[in-house]
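Structure first, commentary second.
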Amino acid sequence: MSTVPRLPATPREFEEEARARLDPAHYDYFAGGAGDEVTLRANEAAFRRLALLPRVLRGAGEPRTEVALPGGRAGMPVLVAPTAFHRLADPEGERATARAAAANETIMMVSMAGTVGVEDVAAAAPEAVLWFQLYIQPDMPFTETVVRRAEAAGCAALVVTVDSPARGVRERELAHGFHDLPDGLCCENLRDGAAVRPIVMSPDIGWEHIDRLRRMTDLPIVLKGIMNPADVRPAIEHGAAALLVSNHGGRQLDTLPATLDMLPPVVAAADGAVPVLLDGGVRRGTDVVKALALGAAAVAVGRPVLWGLAAGGERGAARVLAMLRAEVREALALCGCASPADLDPSMVRRTC
Ligand SMILES: Cc1cc2nc3c(=O)[nH]c(=O)nc-3n(C[C@H](O)[C@H](O)[C@H](O)COP(=O)(O)O)c2cc1C
Ligand SMILES: O=C(O)C(=O)c1ccccc1
């Protein structure tokens, strides 16, 4: 009789299991943040500081969890954030992640630094809604080549990461001497004929590049890495269809505030013109509901999906997403909400 291995039951257990299975250098690559990891810790801590204040006797009925976004509908307000190098966690890599996202009716943002080409990700999960994450390369003809690949693969939006004019310095990577993918793995989306280009994080990228991208494609553009409310108006003026409040999971500049703490001022600056999403430190359904109460249209998770993938491949990643979906439904129900639209800022309270 064959037995199916037992999967962990909590987010913490998923991370422990992933840590036990991964090469320590790869675990630290996934887990680590920049500098003293102040921002990395701040993201989760901000959720813990906030308490929920449910409403009662609203007769809301069974809650619905789906949300409509510029790049399509998601069955739950928890998307898969773009993360690099999934084949370090599981041989199927991004194919497994896409199937796990599709099984939970959610959207996967496919990293430009993926270890499976975007066409193969799409082919592995034909029902998945994919958004393609792009680092605009200063070589704009090459950037266009990558955009055309994402379009041809059927991606429904471009997620342009704007928090990376340089690569963040992560001391855990330095300690292991982790610089490159092992032999046999590469960034398949960076293929250029027989060669694979390195990803350039360029300080020369400016709003004019967003304008050029806007002219290049009809896909909605999501700007990922907006933290300062002063950047919201220009983002809208330059044609962003949505904003993703993100500090890159604390992996770029250290000592940025928690994303949850910048969500209210960014939402206020957007003033309903575009939906605002958030990532960073989301681990439980209650975290999701807190962000939605403060005005997020949806959230995304990075590391939790990697832990699922490392602990149990496609099945592990799918379980992590299914747990989050069940927790969101439960938290909405216990808050007296029929849908995310019933949440509002009066339903969260700072405790310290
Ligand atoms: C291992 C790892 C790789 C990442 N790679 C990318 C990437 O290729 N592109 C990108 O825009 N963001 C990348 N991110 C940032 C995530 O998209 C996201 O902002 C962050 O992980 C959210 O925080 P969380 O991990 O606490 O959920 C990466 C994050 C991690 C942990
Ligand atoms: O590690 C990261 O956070 C990341 O964004 C990245 C970008 C390019 C290549 C590999 C990883």
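For all residues, glycine too, the Cβ spot is worked out from N, Cα and C.
Secondary structure at HIS248 (active site, proton acceptor), as computed by DSSP, is helix. Close to HIS248 (active site, proton acceptor) in the fold, though at least 6 residues off in sequence, lie THR161, ASP163, SER164, GLY168, GLY225, each with a CB less than 8 Å from its CB. According to TrEMBL, the feature active site, proton acceptor maps to HIS248.
Marked as glyoxylate binding site by TrEMBL: TYR29, TYR135, ARG170, HIS248, ARG251.
Per TrEMBL, the feature FMN binding site maps to 82-84, SER111, GLN133, THR161, LYS224, SER246, 279-283, 302-303. PRO82 (FMN binding site) carries neither a helix nor a strand DSSP state and counts as coil. Non-local contacts of PRO82 (FMN binding site) by the CB criterion (under 8 A, 6+ apart in sequence, same chain) comprise MET109, VAL110, SER111, MET112, GLN133, VAL159, THR161, LYS224, GLY302.
As annotated by TrEMBL, domain 'FMN hydroxy acid dehydrogenase' applies to 3-352.
Over the domain 'FMN hydroxy acid dehydrogenase' (3-352), the average per-residue pLDDT in this prediction is 98. Taking the C-alpha atom of ASP279 (FMN binding site) as reference, the shortest distance to any of the binding-site residues TYR29, TYR135, ARG251 belongs to ARG251.
For the pair ARG303 (FMN binding site) and TYR29 (glyoxylate binding site), the C-alpha distance works out to 11 angstrom. With a CB cut-off of under 6 A applied against ligand 1, none of the binding-site residues TYR135, ARG170, ARG283 are retained. Considering only the binding-site residues ALA84, GLY281, ARG283, no residue lies within 10 A of TYR135 (glyoxylate binding site) on a C-alpha to C-alpha basis.
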